[in-house]
């Protein structure tokens, strides 16, 4: 009996020992598996650090194969896919990571914030048009861990880059970037971005200081020069704007694989700034020099653009800018050629038809001008300027009734269009319809009460109608608005004398004499 009990006890102990051995073996296997996962993840992050994105992808794939419920390798592989410009693959991994971090533990919350942070960065890297998509992720990451300065910086960057089209974004960017800069005062990119935010807040002095410091820290960052140029452009300080844009073009380094593509937007902006400088110049020679600078900038860009259809829109925009500057130089033939080149590349460019029509009109090619204006009206529906110029061409042809119809159409699209009322008044005047002309001049006065010429021309109409008292009032009002308006004195004085107001006429004669002394 004792022997039987002993054997039974031995079997129990053996079973327990076997169970313990199996549990130990399973635990050791699990520990080994986790070690393999951790090792692969560590290898993946090392590869990311070294910008070996294929190696990172492979290491994280190995980790996922070993443990497909750990969110970390999905986050890492998504980052690798994003760096390899495979956003669709990255999105799948980010989604998996989001699914696996949907929990309440602090560790899962931290990993979820990390996922949203890197997904937001990927969206931003896809271009400014995706900033709106990036913002919810970056906001969520920042709210999850406000102490993480990288999250602060990323969200501040997104707000700064969207400041030009999102009201209030600059105000949101500034404190986030300031918080980051307090710990990283020599971060040139952060300074540039805060400078962008300050510019959006119209804090020009602060913006300029940040951008100049950013340039001193990183003189090769072309974007700092571009941003500084935009500040000078807004301030209509065109000389420094030109200098900074030229430096930006010089410093520009294309992305890998795009070495033959120039910094087209900077060239086009530079051409426009030269043009605006010319318009602002009071010296004719300096104005012409600026217009030629714009044309030469366009020539340079045209010589750099690849001869492919992908750049037809850019070439069209460049020819258009050349055409505008040739027109400003009164080189109408060259302007027409440039606008035609733009239209050939982009037949839907209504503005090119419009500007070419003006050149045709200046050359007396009225029928060609009218045809271009008709195309403009079709392509740029509701553009009152096309109807204004159509009216002006008809007036140039002596067809004042047709001109009035066109001016009426312009006014129907823009009932505050001063030039349309003024030209309609002139057309009525040419037809001898002084009553209608007076009505149009009244609209001009309503829209611009400080325009002495409108009172004066209304007075001419009233005088032609024999309404001398009304004419006197109009000439008097013209002088009230502009005491130097000699033509108004010259008609007011005889009108007063004709009305028997010699004393008042003499007073105005004395004023008239003092103007010319």
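Cβ atoms here come from the backbone N, Cα and C positions, even for glycine.
Please treat TrEMBL annotations as automatic predictions, because they have not gone through curation.
Features reported for this protein in TrEMBL:
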REPEAT    188-221  repeat 'TPR'
REPEAT    316-349  repeat 'TPR'
REPEAT    384-417  repeat 'TPR'
REPEAT    418-451  repeat 'TPR'
REPEAT    452-485  repeat 'TPR'
SIGNAL    1-29  signal peptide
Query = Which sequence positions outside the repeat 'TPR' (188-221), separated from its termini by at least 6 residues, show Cβ-Cβ distances below 8 Å to it?
reply = 153, 156-157, 159-161, 163-164, 169-171, 173-174, 177-178, 180-181, 227-228, 230-231, 234-235, 251, 253
Request  = Summarise the repeat 'TPR' (188-221) by DSSP state, stating how many residues are helix, strand and coil.
outcome  = 27 helix, 0 strand, 7 coil
Query = So what's the average pLDDT for the repeat 'TPR' (188-221)?
reply = 97
Key: Helix, strand and coil counts within the repeat 'TPR' (316-349) (DSSP)   = 27 helix, 0 strand, 7 coil
Query = What are the DSSP helix/strand/coil residue counts across the repeat 'TPR' (418-451)?
reply = 27 helix, 0 strand, 7 coil
